[in-house]
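S.K.: Okay, here's the structure, questions in a sec.
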There are 2 protein chains.
Amino acid sequence: MNTLSYILLCMLVRKPCSGYELKQYLTLFWESHHSQIYTALGKLHEQGYVTVENDATHKQKKIYHLTETGKAIVAEWLVEENKAPSQRDEFLAKVYVIALMDHQQATELLQDRLQHYRKMVKKYEQKTEEYDAITDTIEKERNLGRYLILERRLIMCTAEVEWCVWAQSTIDQLNTN
Amino acid sequence: MNTLSYILLCMLVRKPCSGYELKQYLTLFWESHHSQIYTALGKLHEQGYVTVENDATHKQKKIYHLTETGKAIVAEWLVEENKAPSQRDEFLAKVYVIALMDHQQATELLQDRLQHYRKMVKKYEQKTEEYDAITDTIEKERNLGRYLILERRLIMCTAEVEWCVWAQSTIDQLNTN
DNA sequence: GTACCCATGTAAAGAGTTACATGATTTC
DNA sequence: GAAATCATGTAACTCTTTACATGGGTAC
């Protein structure tokens, strides 16, 4: 059992999902490719942690349900100590050598990033609004975890935007002096 | 040439470094293990992008210097489009199912995270102060990139702290209602 | 009917992690 | 002189990415 498998089981706690759907939700906090998800789901099925249901309307679609054994190992995993989050961001390696770029190149680097994260902020603002619009208490509680993560994403993207603006003003000042 | 190799070359632009030293700097934005760094440096040497100097005082230590060819391929890489940052954070998978935890377990999860990031904030505050203390203009410019990255780290860790506090208050409210 | 998204899968190649292994230097 | 930290390296294993492959459903 690798981390991805535990995460998939976690997500099935909220509701039964297809692999495709899991992929969408996952991108909020865990990079992965469909090839990895489908093979992981296959193994989880073999191991009896999930059951598979063929969707009625979509022939190709498979809906995965968590079994009792699955629930049990998720519960065990939840209390284990967390591995430190891992991040890899090649943009920052470029920032590392920003002092050697000309002002225009440095600006381009920062402005591309800024624009990207501004879009992200808008996207996540919309998504959190969707949650706010939910009136049903049970549905709202079911989505609590997703909402907390979404809100965190929004906060982080906002922080990225603020950093970009600050970094740009910092290099601008050095340029004029 | 993989991304890590380009990043190592980037870092050598600032100043010649040993593999051990590169590892320290790298953790700011790119997770890696020494095994990976030493093998990558070996290949970069074979390819003529770096030269190796044996440190005078430390027999085991090897200092890597960027060659002209090395500089040239870094310059090419700098203008290439950036791959999206990748992040993997299993803590967030646990938050995803927070609605199913009892209040105490959820609190423990969030408070552990909060404490961890409070420590990080302190650590990075100290490091940015070290930069602020630099008076030499040339030295200050040489460290500009590192400073920008450090400041970003600080902003991000502060945002994590704020999110933890907010998330805790959110689940507290649900608990009392 | 065609373009786009939904939906799943396998195989090969590439990258990252863990374990094994060693030894020098500094600090107390 | 013992412990902690500095310092480097190889090998096996695991995980991730990319490429190959296919086909259904929906909107225009």
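Cβ coordinates are placed from backbone N, Cα and C, and glycine is handled just like the others.
A TrEMBL annotation is a machine prediction, not a hand-curated record.
Keep in mind it's a predicted model, so treat the numbers as computed, not measured.
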S.K.: With TrEMBL as the source, which of A:31-68, A:107-144 is set down as coiled coil?
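M.R.: Checking TrEMBL against the ranges A:31-68, A:107-144, the coiled coil one is A:107-144.
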S.K.: Across the coiled coil (A:107-144), what is the average pLDDT of the model, as a whole number?
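M.R.: On average, pLDDT over the coiled coil (A:107-144) sits at 93.
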S.K.: So if I exclude everything within five residues of the ends of the coiled coil (A:107-144), which remaining residues of that chain have a CB under 8 angstroms from its CBs? That is, six or more out.
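M.R.: Non-local partners: 14-15, 91, 94-95, 98, 101, 150-151, 153-154, 157-158, 160-161, 164-165, 167-168, 171.
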S.K.: Please count the residues of the domain 'Transcription regulator PadR C-terminal' (A:88-171) that DSSP assigns to helix (H, G, I), strand (E, B) and coil.
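M.R.: Computed counts for the domain 'Transcription regulator PadR C-terminal' (A:88-171) are 74 helix, 1 strand, 9 coil.
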